[in-house]
Amino acid sequence: MTLLLGPPGCGKTTFFLALSGKLDKSLKVNGEVSYNGFKLEEFVPEKTSAYISQNDMHIPEMTVREILDFSAQFQGVGSRAEIMKEVSRREKEAGIIPEPEIDTYMKAISVEGLDRSIQTDYVLKIMGMDICADIMVGDAMRRGISGGQKKRLTTGEMIVGPTKALFMDEISTGLDSSTTFQIVTCLQQLAHITESTVVVSLLQPAPETYDLFDDIILMAEGKIVYQGPRSQILLFFEECGFKCPERKGAADFLQEVMSRKDQEQYWYRAQENYAYVSVDQFCQQFKAFHIGIKLDEELLKPYDKSQCHKHALSFSQYSLPKWELFRACMARELLLMKRNSFVYVFKTTQLSIAAMITMTVYLRTRMGVDIVHANYYMGSLFFALLLLMVNGFPELAMTVSRLPVFYKQRDFFFYPAWAYAIPATILKIPISLIESLIWTSLTYYVIGYSPEASRFFRQFLLLFLVHQMSLSLFRFIAACFQTTVASTVGGTLCLLVILIFGGFILPRPSIPSWLKWGFWVSPLTYTEIGLTVNEFLAPRWQKISGTNTTIGDEVLTSRGLDFKSYFYWISIGALLGYSLLLNVGFTLALTFKRPVGMSRAIISREKLSQISGLDGLHKTIELKNSKQETKRIGRMVLPFQPLAVTFQDVQYFVDAPLEMREQGYTDKKLQLLHNITGAFQPGILSVLMGVSGAGKTTLLDVLAGRKTGGVIEGDIRIGGYPKTQETFARISGYCEQTDIHSPQITVEESVIYSAWLRLPHEIDSKTRSEFVNEVLETIELDGIKDALVGIAGVNGLSTEQRKRLTIAVELVANPSIIFMDEPTSGLDARAAAIVMRAVKNVAETGRTVVCTIHQPSIDIFEAFDELILMKRGGELIYSGPLGQHSSKVIEYFERISGVPKIRDNYNPATWMLEVTSSSVEAQFGIDFAQIYRESNLYNDNKELVKQLSMPPPGSKDLHFPTRFPQNSWGQFKACLWKQYLSYWRSPSYNLVRTTYMFFASVVFAVLFWKHGKTLDNQQNLFNMLGSMYASTIFTGINNCSSVIPFVITERAVLYREKFAGMYSSWAYSLAQVIIEIPYVFIQVLIFMIIAYPAIGYYWSASKFLWFFYTMFCSLLSFIYLGMLLVSLTPNVQVASIMSSFFYQNLNLFSGFLIPGPHIPKWWIWFYYIMPMSWTLNGLFTSQYGDIEKKITVFGETKPVAQFLRDYFGFHHDRLGLVAAMLMVFPLLYALLFAYFIGKLNFQRR
């Protein structure tokens, strides 16, 4: 078993990807990788090896056990009967009688057809995840398992299979040292017993974990410095002149000795002058070292392929037959549909409500069989197909959210794309059936379509197929565009094109002849033909009209839909064909598209060399001076008040998860913290420790007031006074485990923004700027201060840089109390030392600093002054000083009978977690929590808490004259500054929607070319109304849909900043609302330059400005509606479904499908509260409300202005009222957004 060591950025991940055959195919690769003598192209390396990523990507709605079960199934656990038979045969031949337990286990994992495998239970046990086996994984907005448990699940998901080559990338992030030790011990046994190849990279391995490895690979700057036995590596460095000190972990030494900043302290040849030894020099020395020579000799000998057993390597891509793959994917898809049943029930309920509204708007008692009402029937049919088309829109967000996990599993050859795509299609058929049946059943006879039963079923079949086609289309778009914003814009643009060519907004005769093909390409054309032929060729429409043709024929001819009845079946065939084609396209996109590429922080070469320490020797001196300077100015801090935190008998209860109750847990409440009593004092660095799931983060969240649910009991005091959350937020900082930052601003800007909003307004900008620079230097971020933060796991900063930024953002607030949840998680030994040095500096200034830490090295652990130790279940088992070399802690636990003594040079933190584990408690029948409660230490702590709970004489309770450090204007300025930077650097949002507007304007310009110049009949007038309706509704829908994911990303940052008391939600909202105005202005300007003159609207200043103003207000309303929906919903999926409900009603009551005067009086109020009705009123009236030219409409000749008044209820003299109403909607939505974003919190903590 091999340990891969090296600092972040040295190429460990790339090296793993190369070994496992997962490097991007577009990269140029030299050299050769072979397994048992076979080159990578001669077998399937992705199936033979397993690469375990740093990023934890799992489906949040599945439980831990379900994920492992599915992984085991896809990797072929239970399909190895052939190998088992071979083993049994060989045992018989050799006369071997296997041990009964091993024999039973081997046979059990080779049996096919088991839903729950023994292998899963075994992996759950060795990974220590049996306690959370039936809990959902969860995500940022959904409570689930802890970060450490997610990391173990990522490892478990791959080792549950039969793979014999494991490449494990930083698997210990977020795990305590005893759990890491336990997992690596299991891996060691796996490697030794099954002769597997296991290579593991760890960031901060404890000495005892390091000792488990056989070989070490040490990397730096993309080169291998050493590869060979662990026992020889320190000897190699001693030959180079560097020695590892006592009480220093060998792994920490190996990483630091490669660093220019830290190398000199390990030089031990006092008689020789030290000179920096570069990575290349180390590599040269290794080639001359006896291990290096031996390695070269081994590599020169070719491997004998004949020694390789046929089952050692995978030559087939998938472990299961096609039918089994399909069945497994089907079962998982069905499970996820059940878990997301709320989404489907919500969608169906929404559709039912829309159907009830529609049927009461187009009520049969108000609909006649004549040429005027035929228009309304036509409108209701178009609305039905539009509604079922838009109803598929939430499929975009749902598909995109699953893509990262799909790509991971596809690249591991769990299953092919078709096995994922077909169940996704089949299982949506019942939903389409239910939704189209509900719609047809509710609306058909109430609206008063042709009463024949056959026509009812024909309409139902068409609507069912259009819904299926819609779902297929949006799935296909999601698979092509891959991100939420891009697929939303792509989906809206696609919807726009197929609706405009669909034959309703612009009839076939009005489409330019060279674009007529567009009519036949649009799938909605066939739906429109099928629905209208089904209705208007019915017997009741066969009355002869004034033009000697039947009414039905006249209606169809005027719309260019004059087709024979057999065209209904052509339409059915066309929709089936489109659904099939789009599903094939979806499968192909899933098969061939690569995941969205990774990109790193963009920094200059000078900065890169500064960070990597690649510059000349003069740089070393400069850096050393800067470090001393940092220490000196670390004392020059802004004034603050030292405060102690005390907590007595703190208990915390949450509702027992449904999964636990299903497993037989009877209590309704689950207690996570049990009577926790303790204190944190100023100037004392305290550490909160315990195994994963002990309740460390829970206790910090409770003390910091970050919990959004559950019941908290007990007494919490700050400086002796009862804690109030508003004042506490002002004097405290909380570094969360998850690093949540705005992705589009730089490191320095993030820190400046935090300082601006959290330091008192009395501090002038010069002092504030100096303080920001001091913090950046203290946390060693000054080298990358101009790098963009980016999105975690996708682009921007690395994990450890992101972690240091989280600390800097809190430090710059100059808090009296700082809580840090795992500040060293995900960092290598050197980065962790940098962070802890900064934390120590902070504590020495007299602040109260508390950290939770999972797997500290000896150096880091002994940097703390006090320890609070918790055991699983949320109970306290030690609270007191560490002592010199952890002597107090060791002495306390060694006094307990049954606890083994600590070995020499063993990490006290690891020893302490091992000897207090639940297995030791069970073995010796002791309860460490009970022992602590009966100890003198407990009584001393109670006395200390009692003293610190009394306010010091002459002190006052914390009070601030204002709720926030900055006044409202200051808050608004800071928020607007950050929003300006975020928006300017978000081309995926702003450039995409601007590009959308450009293409949409071109489409409208081409399709409606000069239509405004020929205003001769009712159809031309309706075409112009159609152009106005389509240009505003589709651009508006695109704006609304694309703003939702963008604002939801920022909302996670808002929650953190709001908890920190940085600003009021009104200041944030006002900035968010105002920053949109220039971008919407640009969008409207693009339309006015391209489409307005091309379509042929009236070219006068007043009409131009009216059009501009109306469209600007309309698009702003849609943007603010999207923001309002974000403030009302927990995630993108629900926001998408809610938005489609709004789109339906905006369409129905816009006045385009059915004019205002004809809407029944019980719904007319709805018409007046819809911004779209005022938009069309403003556009149409400002253009044509004063035109007295006479045209023929519905057989009558009347002036255009009069027709607008009679038919639409649009009056030119009421334009002032329209202008006022157009301004009311954006203002109302913006105010509601500001109110709800402040009041509602969808985080579940």
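Counting starts with 1 at the first residue shown.
Glycine residues also receive a Cβ, built from the backbone N, Cα and C atoms like all the rest.
Features of the protein shown, as given by TrEMBL:
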- 645-898: domain 'ABC transporter' (DOMAIN)
- 342-363: transmembrane segment (TRANSMEM)
- 375-393: transmembrane segment (TRANSMEM)
- 413-439: transmembrane segment (TRANSMEM)
- 484-506: transmembrane segment (TRANSMEM)
- 566-592: transmembrane segment (TRANSMEM)
- 991-1009: transmembrane segment (TRANSMEM)
- 1021-1048: transmembrane segment (TRANSMEM)
- 1068-1092: transmembrane segment (TRANSMEM)
- 1104-1128: transmembrane segment (TRANSMEM)
- 1215-1237: transmembrane segment (TRANSMEM)
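Below 8 A, the CB atoms of the transmembrane segment (484-506) and the transmembrane segment (1021-1048) form 3+ pairs separated by six or more positions in the chain.
Counting Cβ pairs under 8 Å that are 6 or more residues apart, the transmembrane segment (1021-1048) and the transmembrane segment (342-363) reach fewer than 3 and are not in contact. Among residues of the same chain six or more beyond the transmembrane segment (1215-1237), those with a C-beta under 8 A of the stretch's C-beta atoms are 1051, 1054, 1065-1066, 1068-1070, 1072-1073, 1106, 1109-1110, 1113-1114, 1116-1117, 1119-1121, 1123-1124, 1126-1128, 1171, 1174-1175, 1177-1178, 1181-1182, 1185. Within the model, the domain 'ABC transporter' (645-898) shows a mean pLDDT value of 85, rounded to a whole number. Here the listed stretches are 413-439, 1068-1092, 1104-1128, and the one with the most C-beta pairs under 8 angstroms to the transmembrane segment (991-1009) is 1068-1092. In terms of C-beta pairs under 8 Å, the stretch of 413-439, 1068-1092, 1104-1128 lying closest in packing to the transmembrane segment (342-363) is 413-439. If one looks beyond the transmembrane segment (413-439) by at least 6 residues along the same chain, the residues whose Cβ comes under 8 Å of a Cβ in the stretch are 44, 46-47, 71, 74-75, 317-318, 322, 325-326, 328-330, 332-334, 337, 344, 347-348, 351-352, 355, 384, 387-388, 391, 399, 406, 460, 463-464, 467-468, 471-472, 475, 583, 586-588, 590-591. Outside the transmembrane segment (1068-1092), and at least 6 residues removed from its termini, the chain residues within Cβ reach (under 8 Å) are 971-972, 975-976, 978-980, 983, 990, 993-994, 997-998, 1000-1002, 1004-1005, 1008, 1031, 1035, 1039, 1043, 1047, 1050, 1054, 1057-1058, 1104, 1107-1108, 1111-1112, 1115-1116, 1119-1120, 1123, 1230, 1233-1234, 1237-1238.
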